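Notes follow once the structure below has been shown.
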Amino acid sequence: MSSANQSIPVLVAGAMGRMGSEVVKAINSSKDFQLVGAIDNQKDKEGQDIGSLLGLGELDVFLSSDFEGSLCAASQNVPKDGSNNGAVLVDFTHPKFAYKHTRTSIAYGVHPVIGTTGITADQLDDLSKFADKASLGSAIIPNFSVGMVLLQQAAAAAARFYEFAELTEMHHNKKADAPSGTCIKTAELIEEQRSNFNRSFVEEEESIKGSRGGSRASGLRLHSVRLPGLVAHQQVMFGSNGETYELSHNTIDRSAYMPGVLLVIKKIRSFNKLVYGLEKIL
């Protein structure tokens, strides 16, 4: 069988989490992929079959808390001929681990696909240089939803015509970072079309600090909501004399992200650099 027809070896970090468990299920349901590792810090479940833990039946893949050891094992799938057809890491862990996990994965020659948000602009620049040096396809994807990519493109197009805009993102109350990486990415795309927003006509005074949200250097304001019952929601509102223009996207189930996740896993091995954003893969 040619390497092009072989299943892609994948390990999942955060395999017991809300997103990670969905990825494990999606990987298991497709013949295009082979689950070779499951990583999570739940010590009480370490060594147990991830399939049994997630109700999938035994998969002969056992949960480990050893991130680097799992990468080392997966790196055995790295081809010796220099081609970028090795294993892929899908990471949905915690913002404080995102940078380290990405860099370590690249160092082991395992293609990182990072859905964990919280990577700073400086860290992104460093990781981009590191991936370039390694000539290893790597991906940092703030949001895997095709619908969100379409919203971002529409928002960027609208920014050419509106000088006033504010963004609101809403997530479940177990999300650690605010604003979300998706919201920041949307703001960045909008700012590529216009550098200054929301010039003030009055001297604003907040009676409760933070009432007006966080303001970026461009003047764009970002607002975050955290409540149980939410999954992921974003609204971009533009305003002008006599009208508002609103764009919104709502994720009601995490299965909506899986087509994007699987697409990136399939395509990232054909890259030799770091890509940021799903729109660079589509």
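For all residues, glycine too, the Cβ spot is worked out from N, Cα and C.
Since the structure is predicted, the reported quantities are computational estimates derived from the model, not experimental observations.
Summarising the annotation, Swiss-Prot assigns active site, proton donor/acceptor to H171 and lists sequence analysis as the type of evidence. DSSP gives H171 (active site, proton donor/acceptor) a strand state.
In this view, K175 (active site, proton donor) is surrounded by 18 other Cβ atoms within 10 Å of its Cβ, with every protein chain counted. The active site, proton donor annotation in Swiss-Prot covers K175.
The Cβ of M16 (NAD(+) binding site) lies under 8 Å from the Cβ of D40, Q42, K45, L53, L54, L63, each on the same chain and at least six residues away in sequence. For G14, A15, M16, G17, R18, M19, G115, T116, T117, the entry in Swiss-Prot reads NAD(+) binding site, with the evidence type sequence analysis.
H172 ((S)-2,3,4,5-tetrahydrodipicolinate binding site) counts 13 other C-beta atoms within 10 Å of its own C-beta, drawing on all protein chains shown. Sequence annotations record features per position, and here Swiss-Prot assigns (S)-2,3,4,5-tetrahydrodipicolinate binding site to H172, G181, T182 based on sequence analysis.
Among the binding-site residues R18, G115, T117, the residue whose Cα lies closest in space to that of H172 ((S)-2,3,4,5-tetrahydrodipicolinate binding site) is R18. Residue pair G115 (NAD(+) binding site) / T182 ((S)-2,3,4,5-tetrahydrodipicolinate binding site) shows a Cα separation of 10 Å. The Cβ of T117 (NAD(+) binding site) lies under 8 Å from the Cβ of P95, A98, P142, D177, S180, G181, T182, each of these being in the same chain and 6 or more residues away along the sequence. Across G14, A15, M16, G17, R18, M19, G115, T116, T117, which the record gives as binding NAD(+), the greatest C-alpha separation is 17 Å.
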